[in-house]
Amino acid sequence: MSSFIQNQFEQNFITTNVDHVFNWARKSALWPLTFGLACCAIEMIASSTSRFDIARFGAEVFRPSPRQSDLMIVAGTVTLKMAPVLKRIWDQMPDPKWCISMGACSSVGGPFNTYAVLQGVDKIVPVDVYVTGCPPRPENLFYALLKLQDKIDTMTTLVKRPTEVRLDETMLEEFKQQIRIAQIQNPA
(Lines of atoms letter the chains of each structure in order from A; the text may use other names.)
(Lines give C-alpha, C1' and ligand atoms only; values in the text may rest on other atoms or scores of the structure.)
Protein backbone atom coordinates (compact mmCIF):
# COMPACT_ATOMS: atom_id res chain seq x y z
CA MET A 1 0.00 0.00 0.00
CA SER A 2 2.76 2.47 0.86
CA SER A 3 4.54 1.92 -2.48
CA PHE A 4 1.26 2.70 -4.24
CA ILE A 5 0.96 5.99 -2.34
CA GLN A 6 4.62 6.80 -3.02
CA ASN A 7 4.13 6.29 -6.77
CA GLN A 8 1.01 8.44 -6.75
CA PHE A 9 2.88 11.22 -4.97
CA GLU A 10 5.73 11.23 -7.50
CA GLN A 11 3.34 11.21 -10.45
CA ASN A 12 1.00 13.94 -9.24
CA PHE A 13 3.18 16.49 -7.42
CA ILE A 14 6.09 18.62 -8.42
CA THR A 15 8.57 19.44 -5.70
CA THR A 16 10.46 22.70 -5.98
CA ASN A 17 11.64 25.59 -3.85
CA VAL A 18 9.98 28.94 -3.36
CA ASP A 19 12.75 30.88 -5.12
CA HIS A 20 12.24 28.98 -8.36
CA VAL A 21 8.47 29.62 -8.37
CA PHE A 22 8.76 33.32 -7.44
CA ASN A 23 11.55 33.95 -9.94
CA TRP A 24 9.62 32.18 -12.71
CA ALA A 25 6.59 34.40 -12.03
CA ARG A 26 8.69 37.58 -11.82
CA LYS A 27 10.65 36.98 -15.00
CA SER A 28 7.59 35.84 -16.97
CA ALA A 29 5.50 38.93 -16.22
CA LEU A 30 7.64 42.05 -16.23
CA TRP A 31 5.67 45.29 -16.08
CA PRO A 32 7.78 48.03 -17.66
CA LEU A 33 7.31 51.70 -16.88
CA THR A 34 7.19 54.14 -19.78
CA PHE A 35 10.06 56.54 -19.16
CA GLY A 36 11.12 57.72 -22.60
CA LEU A 37 13.20 60.88 -22.69
CA ALA A 38 14.61 61.14 -26.22
CA CYS A 39 15.30 59.20 -29.42
CA CYS A 40 15.58 55.82 -27.70
CA ALA A 41 11.96 56.12 -26.62
CA ILE A 42 10.88 55.79 -30.27
CA GLU A 43 12.67 52.44 -30.49
CA MET A 44 11.20 51.39 -27.13
CA ILE A 45 7.71 52.19 -28.44
CA ALA A 46 8.47 50.35 -31.69
CA SER A 47 9.33 47.25 -29.67
CA SER A 48 5.70 46.94 -28.60
CA THR A 49 4.30 47.06 -32.14
CA SER A 50 3.19 43.96 -34.02
CA ARG A 51 6.40 43.78 -36.03
CA PHE A 52 8.59 43.21 -32.97
CA ASP A 53 6.03 42.13 -30.32
CA ILE A 54 7.62 42.59 -26.90
CA ALA A 55 4.77 40.51 -25.43
CA ARG A 56 6.67 37.36 -26.44
CA PHE A 57 9.18 38.19 -23.73
CA GLY A 58 6.70 38.76 -20.91
CA ALA A 59 6.82 42.56 -20.92
CA GLU A 60 3.53 43.14 -22.63
CA VAL A 61 1.92 46.29 -21.31
CA PHE A 62 3.86 49.47 -20.59
CA ARG A 63 2.48 50.93 -17.37
CA PRO A 64 1.92 54.66 -16.88
CA SER A 65 2.23 54.47 -13.09
CA PRO A 66 5.36 53.58 -11.09
CA ARG A 67 3.23 51.85 -8.47
CA GLN A 68 2.13 49.29 -11.06
CA SER A 69 5.60 48.66 -12.51
CA ASP A 70 8.59 46.57 -11.60
CA LEU A 71 10.89 47.48 -14.51
CA MET A 72 12.06 50.97 -15.42
CA ILE A 73 13.50 51.33 -18.92
CA VAL A 74 15.34 54.65 -19.00
CA ALA A 75 15.48 55.52 -22.69
CA GLY A 76 17.20 58.76 -23.58
CA THR A 77 19.14 61.70 -22.21
CA VAL A 78 18.73 62.33 -18.49
CA THR A 79 19.22 66.01 -17.70
CA LEU A 80 20.03 67.28 -14.23
CA LYS A 81 16.54 68.75 -13.95
CA MET A 82 15.02 65.37 -14.79
CA ALA A 83 17.28 63.41 -12.41
CA PRO A 84 15.31 64.14 -9.18
CA VAL A 85 12.07 63.20 -10.97
CA LEU A 86 13.57 59.93 -12.15
CA LYS A 87 14.82 59.17 -8.62
CA ARG A 88 11.40 59.94 -7.11
CA ILE A 89 9.68 57.66 -9.63
CA TRP A 90 12.22 54.91 -8.86
CA ASP A 91 11.49 55.26 -5.15
CA GLN A 92 7.73 54.92 -5.80
CA MET A 93 8.14 51.57 -7.55
CA PRO A 94 7.45 48.50 -5.37
CA ASP A 95 10.19 45.96 -4.62
CA PRO A 96 11.55 43.95 -6.31
CA LYS A 97 12.33 46.36 -9.12
CA TRP A 98 14.80 46.46 -11.96
CA CYS A 99 16.26 49.06 -14.30
CA ILE A 100 17.43 48.87 -17.92
CA SER A 101 19.50 51.75 -19.24
CA MET A 102 18.66 51.98 -22.94
CA GLY A 103 21.06 53.80 -25.24
CA ALA A 104 24.30 55.71 -24.99
CA CYS A 105 22.70 58.85 -23.53
CA SER A 106 21.18 57.19 -20.48
CA SER A 107 24.19 54.91 -19.97
CA VAL A 108 27.08 57.41 -20.22
CA GLY A 109 25.59 60.75 -21.22
CA GLY A 110 26.01 60.13 -24.95
CA PRO A 111 27.60 62.91 -26.99
CA PHE A 112 26.34 65.50 -24.50
CA ASN A 113 29.25 66.07 -22.12
CA THR A 114 27.76 69.26 -20.70
CA TYR A 115 26.85 70.63 -17.30
CA ALA A 116 23.14 69.97 -17.90
CA VAL A 117 23.32 66.24 -18.72
CA LEU A 118 23.75 63.46 -16.18
CA GLN A 119 26.67 61.29 -17.28
CA GLY A 120 24.96 57.95 -16.68
CA VAL A 121 21.69 57.09 -14.98
CA ASP A 122 23.60 54.70 -12.70
CA LYS A 123 24.63 57.72 -10.65
CA ILE A 124 21.09 57.95 -9.20
CA VAL A 125 19.48 54.48 -9.61
CA PRO A 126 21.04 51.00 -9.74
CA VAL A 127 21.09 49.69 -13.31
CA ASP A 128 20.73 45.97 -13.95
CA VAL A 129 21.31 45.83 -17.72
CA TYR A 130 22.84 48.33 -20.15
CA VAL A 131 21.72 48.46 -23.80
CA THR A 132 24.29 49.90 -26.19
CA GLY A 133 23.53 51.86 -29.32
CA CYS A 134 22.38 55.26 -30.46
CA PRO A 135 19.51 54.55 -30.63
CA PRO A 136 19.50 50.81 -30.02
CA ARG A 137 17.24 48.63 -32.13
CA PRO A 138 14.24 46.87 -30.55
CA GLU A 139 16.16 43.58 -30.88
CA ASN A 140 18.80 45.00 -28.52
CA LEU A 141 16.07 45.77 -25.99
CA PHE A 142 14.79 42.20 -26.30
CA TYR A 143 18.29 40.87 -25.67
CA ALA A 144 18.49 43.06 -22.57
CA LEU A 145 15.13 41.69 -21.39
CA LEU A 146 16.44 38.14 -21.81
CA LYS A 147 19.58 39.02 -19.84
CA LEU A 148 17.43 40.60 -17.12
CA GLN A 149 15.26 37.47 -17.00
CA ASP A 150 18.42 35.38 -16.56
CA LYS A 151 19.44 37.66 -13.70
CA ILE A 152 15.99 37.43 -12.08
CA ASP A 153 16.12 33.64 -12.36
CA THR A 154 19.18 33.52 -10.08
CA MET A 155 17.78 35.81 -7.36
CA THR A 156 17.02 34.60 -3.87
CA THR A 157 13.75 35.58 -2.25
CA LEU A 158 14.94 36.29 1.26
CA VAL A 159 18.03 38.36 0.43
CA LYS A 160 17.23 41.98 -0.47
CA ARG A 161 19.25 43.59 -3.21
CA PRO A 162 20.24 47.25 -2.91
CA THR A 163 17.68 49.58 -4.45
CA GLU A 164 19.61 52.73 -3.74
CA VAL A 165 22.85 54.18 -4.98
CA ARG A 166 24.91 55.69 -2.19
CA LEU A 167 26.80 58.82 -3.18
CA ASP A 168 29.88 59.87 -1.28
CA GLU A 169 30.02 63.46 -0.06
CA THR A 170 32.20 64.79 -2.89
CA MET A 171 29.92 63.30 -5.56
CA LEU A 172 26.86 64.68 -3.79
CA GLU A 173 28.33 68.19 -3.55
CA GLU A 174 29.44 68.06 -7.19
CA PHE A 175 25.94 66.94 -8.21
CA LYS A 176 24.32 69.78 -6.21
CA GLN A 177 26.75 72.28 -7.75
CA GLN A 178 25.83 71.12 -11.26
CA ILE A 179 22.13 71.50 -10.43
CA ARG A 180 22.73 75.04 -9.10
CA ILE A 181 24.62 76.00 -12.27
CA ALA A 182 21.85 74.58 -14.44
CA GLN A 183 19.21 76.49 -12.46
CA ILE A 184 21.14 79.77 -12.70
CA GLN A 185 21.65 79.46 -16.45
CA ASN A 186 18.11 78.21 -17.16
CA PRO A 187 15.72 79.86 -14.69
CA ALA A 188 12.27 78.33 -14.93
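Yeah, the Cβs are placed from backbone N, Cα and C, and that goes for glycine too.
Per Swiss-Prot, the [4Fe-4S] cluster site holds CYS39, CYS40, CYS134; the candidate it also names there, chosen from CYS99, CYS105, is CYS105.
The Cβ of CYS134 ([4Fe-4S] cluster binding site) has 12 other Cβ atoms within 10 Å, all protein chains considered. For CYS39 ([4Fe-4S] cluster binding site), the same-chain residues lying six or more positions away in sequence with a CB closer than 8 A to its CB are GLY76, GLY103, CYS105, CYS134, PRO135. Listed in chain order, the extra residues whose Cβ falls within 8 Å of the Cβ center of the [4Fe-4S] cluster site residues CYS39, CYS40, CYS105, CYS134 are ALA38, ALA75, GLY76, THR77, MET102, GLY103, ALA104, SER106, GLY110, GLY133, PRO135, PRO136.
The Cβ of CYS40 ([4Fe-4S] cluster binding site) lies under 8 Å from the Cβ of ALA75, GLY76, MET102, GLY103, CYS105, SER106, PRO135, PRO136, each on the same chain and at least six residues away in sequence.
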